[in-house]
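Scroll down for the structure; my scribbles are underneath it.
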Amino acid sequence: MQQESTLLDKIDYPADLRNIPLEKLPQVCKEVRNYIIDTLSGVGGHFASNLGVVELTVALHYVFDTPKDRLIWDVGHQTYPHKILTGRKDRLKTVRKFNGLSGFPKREESPYDLYNTGHAGTSISQALGEAAARDLTKGEDYSVVAIIGDASIATGMALEAMNHAGHLKKDMIVILNDNYMSISKNVGSISNYLNNIITSHFYNHWKRVFYTFLKWLPIVGPAAERFFKKVEKGFKDVLTPGGLFEDLGFGYIGPEDGHDVIRLVNMLAKVKKMKGPILLHLITQKGKGYDPAERDPIKYHGVTPFRKEDGAMDSGDTSKIAYSKIVGRMLSILTEANPKIAAITPAMIEGSGLKEYAEKYPDHLFDVGIAEQHSVAFAGAMTNGSIIPYMCIYSTFLTRAIDQLVQDVSLMNLPVRFVIDRAGCVGPDGETHQGLFDLGYLLGLPNMDVFVPSNGQDMIDSLRWMETYDKAPIAIRFPKANVDLKTLDFYKEVDLRPGTFRVLKRGTDLALLSIGSMIDEAKKATEILESAGFSVTLIDLIWLRPLGVEALNEELSNVRRFVIIDESYVDAGASGYLLNRILPENLSKYVKTFGFPPEPIHHGERKEIIQAYRLDGASIAESVADVLKKNLIKP
């Protein structure tokens with residue numbers, strides 16, 4: 001029996017959507033939502049946030065002439081409905097997979113994706129830039145819409161952009177998708193009535209006529225205009241929560257139900273005609289339409305494949321623990337013994353493994369929101385108050401606070417403990433989340449010490465050792481990976497000597513200098529080279545600063561060639577720093593650095609990406625063997 005055709009089957013692009021009668025849009029939304037649930041239950045991906053914006057996405061593409069009209073998504077992990085409606089429906093099953101769809105908007109994928117996104121707070125700046133460019137270009141006429149969440153709109157960048165937009169008074173729309181931290185409650189039917197009035201063409205037209213008339217009145221005109229504007233604003237402020245946005249120069253509408261697609265279409269059609277910057281405040285629900293995700297949107301923010309009937313996900317290998325979970329557990333142990341310890345995170349309690357720590361020591365955890373610049377300066381100041389701050393942050397987000405790293409920590413030599421998660425290749429989140437820059441800038445900072453654990457016990461030992469280290473700021477950086485729990489001892493005495501490294505094997509033909517997370521691939525390369533008859537030294541560089549230069553040069557004096565293996569960009573990692581210190585005595589011995597080339601590193605599983613860039617053990621061994629043979633170094 002042939003399956004009955006659905007409305008979604010008829011929609012490949014927004015032009016097809018606009019041919020659907022308005023009254024059938026709720027059915028379209030239902031089908032889009034079911035398609036997301038059906039697909040992601042099999043492949044995983046960002047889930048709850050996408051279920052929460054189905055009606056909004058359908059309404060936007062129904063009202064606006066995309067891609068001529070610009071839709072700009074903040075962060076972008078909520079764009080699966082957008083991808084479904086813009087020609088990528090059949091590829092959603094490949095999302096976040098190697099050579100598949102990105103989990104975020106991506107310019108190379110579609111003309112409907114204006115910007116590659118992944119970090120928060122950028123959309124309003126981009127929307128304002130689009131509006132300014134439009135108005136400087138003769139003959140251009142298109143709408144610009146930024147869609148931003150309630151967490152992102154509190155970022156400094158978003159507020160800076162709103163301040164500028166209020167000054168420029170460009171025609172643009174900001175849609176506030178409020179799905180977690182409600183700014184204010186809807187006051188009911190009066191608010192709805194007012195919103196209907198202020199979005200009407202009639203109201204806005206005669207308001208402009210009225211104020212123009214007042215300006216022409218001699219003597220009393222300007223004063224009367226100011227008076228009536230204050231009355232209008234005051235009446236609106238009493239009944240609706242938009243005072244802050246009005247003060248920034250935005251016309252405010254809301255809060256509105258973000259799941260009433262027909263009302264949204266009618267509202268957006270009116271807002272589209274309004275002049276100046278407009279903010280439309282929508283209340284939505286993460287996980288909308290799927291009970292488990294509605295009950296626990298944090299758990300279902302990002303999912304692995306799950307059982308559609310009840311949302312059950314594989315609990316994973318219980319014999320392993322994530323590096324980030326080690327952080328939370330170890331900080332709990334340390335704080336129990338030392339009340340001066342504090343943990344700081346920019347809106348990443350779950351991701352940074354701090355959930356249990358937050359429950360156990362709520363007064364010692366400071367979640368500063370999406371405010372990386374503030375978080376670093378805040379941590380630096382805590383050291384001045386004799387507190388021991390552990391700044392827990394993803395590598396990709398620390399780049400947002402480089403100025404504070406320089407000015408507010410390293411130049412003053414303040415002993416902040418930086419715990420840098422997701423360093424190196426992070427896999428499915430793709431180019432905007434890869435942690436490939438941190439070693440380049442950390443090693444260029446005055447006073448900053450850098451430790452790169454190569455296993456879980458190193459991680460534990462460094463967290464404990466850092467507690468009493470107050471001579472300088474220090475950073476430890478570690479991958480998004482799991483380690484065997486049974487190999488870990490959270491209470492052992494620490495023997496961590498700065499400037500040391502481990503010599504795991506000694507040979508005479510070649511030395512592999514492995515940095516942190518690349519140790520496993522370096523071990524595989526060593527085994528392959530030794531099986532081919534080469535004599536190999538394998539060095540595990542766990543301390544980059546301070547670096548044991550004399551001891552390292554001593555080891556290199558016993559080999560004929562050496563290579564560096566670093567899970568960073570070749571030109572922005574540790575190799576330049578290392579070579580400046582060891583090349584003077586080993587110039588003729590250097591072969592190459594294995595790392596990523598200076599290009600965006602796309603999404604996929606870490607193993608797939610490592611292999612694609614020939615950074616796996618087998619590829620390293622093959623490349624090195626070829627070089628050795630060309631240099632007449634034979635096994």
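Each residue, glycine too, has its Cβ placed from N, Cα and C.
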Site-mate of G118, H119, A120, A151, S152, N179, Y290, E372 for thiamine diphosphate in Swiss-Prot, selected among H46, H61, H77, H602: H77
Binding-site residues (D150, E372), the one with most neighbouring Cβ atoms at 10 Å: E372
Coarse DSSP state, helix versus strand versus coil, of N179 (thiamine diphosphate binding site): coil
Reduced DSSP assignment, E372 (thiamine diphosphate binding site): helix
Set of same-chain residues at least 6 away whose C-beta sits under 8 angstroms from H119 (thiamine diphosphate binding site): V75, T396, F397, R400, T432
